[in-house]
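Structure, as structure tokens:
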Amino acid sequence: MLEKFCNSTFWNSSFLDSPEADLPLCFEQTVLVWIPLGFLWLLAPWQLLHVYRTKIKRSSITKLYLAKQVLVGFLLILAAIELVLVLTEDSGEATVPAIRYTNPSLYLGTWLLVLLIQYSRRWCVQKDSWFLSLFWILSILCGSFQFQTLIRTLLKDSNSNLAYSCLFFIGYALQILVLILSAFSEKDASSNNPSFTASFLSSITFSWYDSIVMKGYKQPLTLEDVWDVDEQITTKALVSKFEKYMVEELQKARKTLQKQQQRNTQGKSGERLHDLNKNQSQSQDILVLEEVKKKKKKSGTTEKFPKSWLVKSLFKTFYVILLKSFLLKLVFDLLTFLNPQLLKLLISFANDPDMYVWTGYFYSVLFFVVALIQSLCLQSYFQMCFMLGVNVRTTIMASIYKKALTLSNQARKQYTIGETVNLMSVDAQKLMDVTNFIHLLWSNVLQIALSIYFLWAELGPSILAGVGVMILLIPVNGLLASKSRAIQVKNMKNKDKRLKIMNEILSGIKILKYFAWEPSFKNQVHELRKKELKNLLTFGQMQSVMVFLLYLTPVLVSVITFSVYTLVDSNNVLDAEKAFTSITLFNILRFPLSMLPMVISSLLQASVSRERLEKYLGGDDLDTSAIRRDSSSDKAVQFSEASFTWDRDSEATIRDVNLDIMPGQLVAVVGTVGSGKSSLMSAMLGEMEDVHGHITIKGTIAYVPQQSWIQNGTIKDNILFGSELDEKRYQQVLEACALLPDLEVLPGGDLAEIGEKGINLSGGQKQRISLARATYQNSDIYVLDDPLSAVDAHVGRHIFNKVLGPNGLLKGKTRLLVTHSIHFLPQVDEIVVLGNGTILEKGSYNTLLAKKGLFAKILKTFTKQTGPEGEATVNEDSEEDDDCGLMPSVEEIPEEVASLTMKRENSLHRTLSRSSRSRSRHQKSLRNSLKTRNVNTLKEEEEPVKGQKLIKKEFIQTGKVKFSIYLKYLRAIGWYLIFLIIFAYVINSVAYIGSNLWLSGWTNDSKAFNGTNYPASQRDMRIGVYGVLGLAQGVFVLMANLLSAHGSTHASNILHRQLLNNILQAPMSFFDTTPTGRIVNRFAGDISTVDDTLPQSLRSWILCFLGIISTLVMICTATPVFIIVIIPLSIIYVSIQIFYVATSRQLKRLDSVTRSPIYSHFSETVSGLSVIRAFEHQQRFLKHNEVGIDTNQKCVFSWIVSNRWLAVRLELIGNLIVFFSSLMMVIYKATLSGDTVGFVLSNALNITQTLNWLVRMTSEIETNIVAVERINEYIKVENEAPWVTDKRPPPGWPSKGEIRFNNYQVRYRPELDLVLRGITCDIRSMEKIGVVGRTGAGKSSLTNGLFRILEAAGGQIIIDGVDIASIGLHDLREKLTIIPQDPILFSGSLRMNLDPFNHYSDEEIWKALELAHLKTFVAGLQLGLSHEVAEAGDNLSIGQRQLLCLARALLRKSKILIMDEATAAVDLETDHLIQMTIQKEFSHCTTITIAHRLHTIMDSDKIIVLDNGKIVEYGSPQELLRNSGPFYLMAKEAGIENVNSTSF
């Protein structure tokens, strides 16, 4: 039929059976024209419908759009011309075939449709439609056949059908032009992200990403350069989509859980009856066992939570991407198996001299096309998978954050903050990793099945031997893998221990320096590190064996298979086709076999994470139903029979409370410690579980917690807390909360940056900022949980009068005040006395006093205890206070206003251990503001900015890592080892080339001998040598890996040792300006990179590099011409790599820089939950979190695309290498035999992946070597003076304990002013000296000078005739004793805390404990001296910690004791005990006491009064009280009239 249609032959195979093959014209004009047109007409309606549904605002006309439309318009005109020509030609005789009418008319319709489609795309963001691009490509490909046929006919006979041919040629050119135009992307006004507007060709090759790569190459990328993510995958969109499914699935899961529990309870009740009837006479042991079982059961029951809903909801959220990636992967897998078949055809082509040359060219082109499609599919598949991974991670992270805001206390108790942050960082990451590989589960199985099928076709049953070996090796590998997993788990534990010690060393570094304890702790760390390195080495050796097996597998398999094949039957001769096709197939098989165990193990890991996440996300929400909001109620707060508990299982903490609070009342809640005051507040805020009763609340709440929660940000942000700034109110609040003096001292005023958890503020400042935050929020009810606990007495008074009291800022608001300060009670409206969770008494101050009940009793005992200071505050008239309250005189700047500057330099705050910020402060601005208030404004403006940013910004390296860093690492491994390692790898490559050449020689035998006359000796030699070469490869890889495991462990050891030794010898100022977290990071992240990742990257890099070189060498030996191709390709390769590495490195940095704020914001949120909930700011925090995650997401997304961008380009180079090598084989067919062809191509096919890996590894090494760079940065930190010098002090020094200061000067850091400006005084033996002075006068600097924590800037200190600057630091510090201000303990036994070097016997330690009044406590502990102290001593009370520090001092028994007096930490009783002990036990010592409360030093022999770094007064207390100098004024302020008034 078609024959008639064209009027010529449609198909005749003889056309192809000639060296000048061609297709019949009829076939080209029918089938090849209709394929593209059919494609277009089938898909067009769908496309137009889709555009119609999703249309957006029409975009303006661009030049590109016009050009495309014009070109298609030309095509339309051409079709019309052709039709006209045909009609004019047709003169009625039936010479013109029907096809000449139909085609032009079809084309007319088609071009009109194309115009319509291009017009419709103006309503889309992406102007170029993917199926139009495909249509152009198809049309051009199919047209190319007709194109060459027409040219040939014209060459034979120049005027046949000339007009028709010309029209066709013009049309063909126009189509090519349109295709070229459609490769360009059109910009769109609505979106500046090029990935949306990218054309089809641009998006499959990722060319739209070029601009970023160029930018990243020119200068390091910043966050602004990275595009925002698509609307559909912003955190908000993802979470809302996910939550819809999550709610459904969770309900289903909860229902199934309830059903199970019902079944279980029925089953259990049956069991119980059965148990009772059993014999009652059970022995004691069994009962004990039963108890244990019950306990276990009890802990087991809490584990019941809704399971297996998470994966379902995630699947429902993301199933579209999953399906798309599934299809791509399927196409890729099937195409993979075309390669060996094509290889087979090419080899047979080379072996058969009669085949036409064009078939060879055809195969080469096919090779290239298949590879190209494969690359594009694979890259799109990876892109989708990684995107899916990122989206899953984002969804999980945001959901966890959202859940944290509503989680009930019961559920929250099960997690520490660290664990919750882990859920967000580790577990979300695990799920992300698994989604990347999820398709490999089915794809691996498919690949294995297909490989075996094709191998069977080649070699028959003998392949079972090879496959058998592979399968046998899987369990061996699995065993090794699980063994190495176990080692890693063990090592994680060691690492955790080591980091815990490091953390403590860094947070207590001050104490270590004071007591010269560094060596002891250093040894502890070294011991742990030794264990860690031993495990590392074992791990390295296991890895080597695994790599050895992996390497050996393909070699072994091919040796065994070929041997079996040739031995089974003498007719089987190995020829090139069989050998090289099988080798290619074995190479394909190698990948899924090595991947399967990995995929399965990562699935198992993820399933653990899945359970943890399900437990957390499925936990119960906070139940606030007992808190009723009633705006019409006449009472502000009403408790009705309210009982609340913290824990469902234990009894109620708040019991049957009935309490009405009227609007505008000030109610004080008092009671002993643990009487439930804070719990009452928490119950009001809805933080507790309701037992019965309810609480009615009218209006909004503001809350000041007992432990103030401060965010990392400026002071202003903390106070505004997301509200609008009202300058007048803001200033009022600052003044009322006594924050103005602080702000003058803080660099940058209210824009001073506060570290995490408020690390650089004193307790009092944090409390006042927390109070200011609540005051600024204009709420109805104020819940104040002991806001005055951490502030000094006179500041407390100021705050009470200005904020809380009857005339304060909050008058007229309802205020609930928990307080211990009894002297404010007369001014409150009502007092509620709590005891054991119930209200014991309530009423006004006078009523309760008159009652003579419990309250009156408490009052009496308290008044007796307090010294004059306390009383002075009760009786003081409040008017006086108002006058001086507005602007405190310089003398009166509260104690802790500036404490962060001096005191904090000397007392490490406990939270430091958990923080990563520091307190580097510029003392300069502080002192200026203390000296003179009226500094000229200009100077004030410059000053703050200097110290405003807390911390030295972390030094982020940009650009390339210096070569010296690589050298440093290589030197640490050792040159000798490096030489051996590289030598082993090179020999391995040589063996590899050798075995390939040998194989091609072996296959050549098949031509010489037929199966019948193949000599056995020849056959055995071939097999033997092949086997030996294969074995040699494996052995040398094993050698190289074992050596490199040793080398890298050695390097890790050296680097860690240098780092630790240097950090411990760094001066104190280094720790003041460097956040702990940053130093710990060097010991955690960077050291672990040097341990694990760096050696592996280096090994892989060497292997890849040598692999590529050997492949290229092999290709060039076969066809030397190939060198011409290699040179340009390698230039392109290297340049692509240079471009990529610069961009990728910076994106990776941006990723980690944007990731840590998410986690720190999260841990901040978790610790401040009650405050966020009380203020009802959940939405604001959610928003903040979403923005943070999105910022991180865009960096990760960009990084993923950069990898794909690279991969597409590299694979293209790999594919070109394959293409050119196959072309060479065809061109030089005459000189080559089939075995060489097979040998070259089977290796070339492998090169694509290796090339890809090489760039990956290069950029990974660049990323990882940064760790060495960062470690090196800290190895080079300046050290303090040597610990021991040649000049040793005389034995028994200091025997007398005389101290002389000669014009002693000191400054904190070189750029700051002097803190002590020339101190001169003599302290005689056994004198008791008190040092007083306002904050910042230099009291603590004096002790720091004595211990040489600060080195003298001038002058000297002489102890017993020895200048302390001339001896080693440890010689000095071991001879002095200090009782520090903050009692810092380390985790470990009590004994280790007292005596880390084991200098003393147990008796001496018990004696010291007895003197420190701790003997009964320690003896009462189960383990006595071995009692484990928790991190930072958290399991001891603050008083006990202070006493332990005293015991340390008692053990030291040195002649000089320095006491930095503990302020708020100790209750009066403990304080009294300490004072008594010191007076008695240290009577033979010279004692220097730094006092913050005057009455502690009134009994000293002499008093030094410091001001501004100079001694202003020096003499006995009696003398100083007589002169009306600074000391007299201070004493008067504290209510001390004469020496004896300090009654205890």
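Note that the numbers count up from 1, one per residue, in the order the chain is shown.
Just so you know, glycine gets a Cβ as well, placed from its N, Cα and C.
Positions annotated as transmembrane segment by TrEMBL: 31-52 (among others).
What TrEMBL lists as transmembrane segment is 64-86 (among others).
For 98-117 (among others), the entry in TrEMBL reads transmembrane segment.
Sequence annotations record features per position, and here TrEMBL assigns transmembrane segment to 129-150 (among others).
Cβ atoms under 8 Å from those of the transmembrane segment (162-184) belong to residues 64, 67-68, 71-72, 74-75, 78-79, 81-82, 85, 128, 132-133, 136-137, 139-140, 143, 146-147, 150, 153-154, 199-202 of the same chain, restricted to positions at least 6 beyond its ends. Annotation comment: TrEMBL describes 162-184 (among others) as transmembrane segment.
Annotation source TrEMBL lists region 'Disordered' at 256-275 (among others).
Residues of the compositional bias 'Polar residues' (258-268) grouped by DSSP class, helix first, strand second and coil last, total 11 helix, 0 strand, 0 coil. The annotation compositional bias 'Polar residues' is assigned in TrEMBL to 258-268 (among others).
According to TrEMBL, the feature domain 'ABC transmembrane type-1' maps to 325-605 (among others).
Among the features that TrEMBL reports, transmembrane segment is placed at 358-378 (among others). Beyond the ends of the transmembrane segment (358-378), by six or more residues, the same chain brings 19, 21, 204-205, 328-329, 331-332, 335-336, 338-339, 342, 345-346, 349, 1207-1208, 1211-1212, 1214-1216, 1218-1219, 1222-1223, 1225-1226, 1229, 1248 to within a C-beta distance below 8 angstroms of the stretch.
Cβ atoms under 8 Å from those of the transmembrane segment (437-456) belong to residues 322, 325-326, 329-330, 333, 336-337, 340-341, 381, 385, 463, 466-467, 581-582, 585-586, 588-589, 591-593, 595-596, 598-599, 602-603 of the same chain, restricted to positions at least 6 beyond its ends. Annotation source TrEMBL lists transmembrane segment at 437-456 (among others).
TrEMBL lists 462-482 (among others) with the feature transmembrane segment. When Cβ-Cβ distances below 8 Å are used as the criterion, the transmembrane segment (462-482) is approached by residues 452, 455-456, 542, 545-546, 549-550, 553, 556-558, 560-561, 564-565, 568, 572, 582, 586, 589, 593, 596-597, 601 of the same chain, each at least six residues removed from its ends.
Beyond the ends of the transmembrane segment (545-568), by six or more residues, the same chain brings 459-460, 462-463, 465-467, 469-470, 473, 476-477, 480-481, 484, 574, 578-579, 582-583, 586-587, 590, 593-594, 995, 1019, 1023, 1026-1027, 1030-1031, 1033-1035, 1037-1038, 1041 to within a C-beta distance below 8 angstroms of the stretch. Feature annotation from TrEMBL assigns transmembrane segment to 545-568 (among others).
The domain 'ABC transporter' feature in TrEMBL is assigned to 637-861 (among others).
Annotation source TrEMBL lists region 'Disordered' at 866-885 (among others).
For 908-938 (among others), the entry in TrEMBL reads region 'Disordered'.
The annotation compositional bias 'Polar residues' is assigned in TrEMBL to 928-937 (among others).
Sequence-distant contacts of the transmembrane segment (64-86), counting only residues of its own chain at least 6 positions beyond either end whose CB sits under 8 Å from a CB of the stretch, comprise 96, 100-101, 103-105, 107-108, 111-112, 114-115, 118-119, 122, 127, 163-164, 167, 170-171, 174-175, 177-178, 181-182, 184, 186. Only residues 6 or more beyond the boundaries of the transmembrane segment (98-117), in the same chain, are considered here, and those with a CB under 8 A from a CB of the stretch are 4-7, 26, 29-30, 33, 37, 40-41, 44, 47-48, 69, 72-73, 75-76, 79-80, 82-83, 86, 129, 132, 135.
Scored on C-beta pairs under 8 angstroms, the neighbour of the domain 'ABC transmembrane type-1' (979-1263) with the top count among 325-605, 637-861, 1299-1533 is 325-605. Listed as Cβ neighbours of the compositional bias 'Polar residues' (258-268) (distance under 8 Å, sequence separation of 6 or more from its ends, same chain) are residues 304. Note on the domain 'ABC transporter' (637-861): mean pLDDT across this stretch is 85. Below 8 angstroms of C-beta separation, residues 22-23, 25, 28-29, 32-33, 35-36, 39-40, 43-44, 47, 114, 117-118, 121, 161, 165, 168-169, 172, 175-176, 178-179, 182-183, 199-201 of the same chain, each at least six residues beyond the ends of the transmembrane segment (129-150), sit close to that stretch.
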